[in-house]
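Features reported for this protein in Swiss-Prot:
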type     : residues : note
TRANSMEM : 9-29     : transmembrane segment
TRANSMEM : 44-64    : transmembrane segment
TRANSMEM : 71-91    : transmembrane segment
TRANSMEM : 98-118   : transmembrane segment
TRANSMEM : 143-163  : transmembrane segment
TRANSMEM : 225-245  : transmembrane segment
TRANSMEM : 260-280  : transmembrane segment
TRANSMEM : 288-308  : transmembrane segment
Amino acid sequence: MIFVTLEHILTHISFSIISIVITIHLMTLLIHKIAGLCDSSEKGIISTFFSITGLLITRWIYSGHFPLSNLYESLIFLSWSFSIIHMIPYLRNHKNDLSVITVPSVIFTQGFVTSCLSTEMRQSAILVPALKSQWLIMHVSMMLLSYATLLCGSLLSVALLVITFRKNMDIFCKRKNFLIKSFFFAETEYLNKKRSVFKNTSFLSFRNYYKYQLTQRLDYWTYRIISLGFIFLTMGILSGAVWANEAWGSYWNWDPKETWAFITWTIFAIYSHIRININFQGTNPALVASIGFLIIWICYFGINLLGIGLHSYGSFTLPSN
């Protein structure tokens, strides 16, 4: 009973802290001159990380197994993974460009766990025989870490596509306006317009340079986060194959979950191949990664909710027979 109460407290503490953190982020977007807000935000994420860590440890102690057996536990671990990803640039003293993605991801996951899941779905249950293996920690943790990192990388690629699209639209509109004005206005008026354009050239070039730097940083972090997630996904699939051979006598059964994991792996393998090619950097790999965002949610959430296949017991609370 004490552990259940402690788990309940830690769940709400982590959600409250991350809510405060995202409020601070919104304030920094509106008011840049308030000192200490950014540091408070980073400390809040660290506090959230320790709260979720305590929650997982508490769950592990009173359930008697590593907390990765149902939807509730996997979502808590996913939220924990997002908080780890957030702290990577912070620990390396880099500018944290990931906070725009990781902080909303943590609050969305924690909010869903706190508000949307029923009490029955949060209950710990006895593991089915197939899950009573040391491979549970290795396989499921690697898969969830890969989901978290690949989701962050995919969202960064979506942001890259949006910025690039807006930039191209601005260029198109300027060219269109230029053609219309040069066709309808007199030569003298055109020259006056041209002079005013030259006066604003420094401002426009600065703004374009800022967008260029932003897209470069997004591309940099997208590639590195997805590369890390791809490694986790590969390790998760390989460890799952070994575990499947021990449990079911076959390394691969083309179960719906396995099939979609393979599709996910293929999508991000294509991304890595395109991204390495210098002729296709930029929007082309970002487009592939953004498609991967939907594929991951189908693989993680969609297949489990359908309740089909050998992995269907990983979604909801298991019966304690």
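Each residue, glycine too, has its Cβ placed from N, Cα and C.
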With Cβ distances under 8 Å as the criterion, find the stretch in 98-118, 143-163, 288-308 that has the most pairs with the transmembrane segment (225-245).
143-163
Residues from the same chain, set at least six apart from the ends of the transmembrane segment (143-163), whose C-beta lies under 8 A from its own:
68, 74, 77-78, 81-82, 84-85, 98, 100-102, 105, 211, 214-215, 218-219, 221-223, 225-226, 228-230, 232-233, 235-237, 240, 261, 264, 268, 283, 285-287, 289-290, 292-293, 296, 299-300
Among 44-64, 71-91, 288-308, stretch most in contact with the transmembrane segment (98-118) (C-beta, under 8 angstroms):
71-91
Would you mind listing the long-range same-chain contacts of the transmembrane segment (71-91), meaning Cβ under 8 Å and 6+ residues beyond its ends?
11, 14, 42, 45-46, 48-49, 52-53, 55-56, 59, 97-99, 102-103, 105-106, 109-110, 112-113, 117, 121-122, 124, 140-141, 144-145, 147-149, 152, 225, 304, 314-317
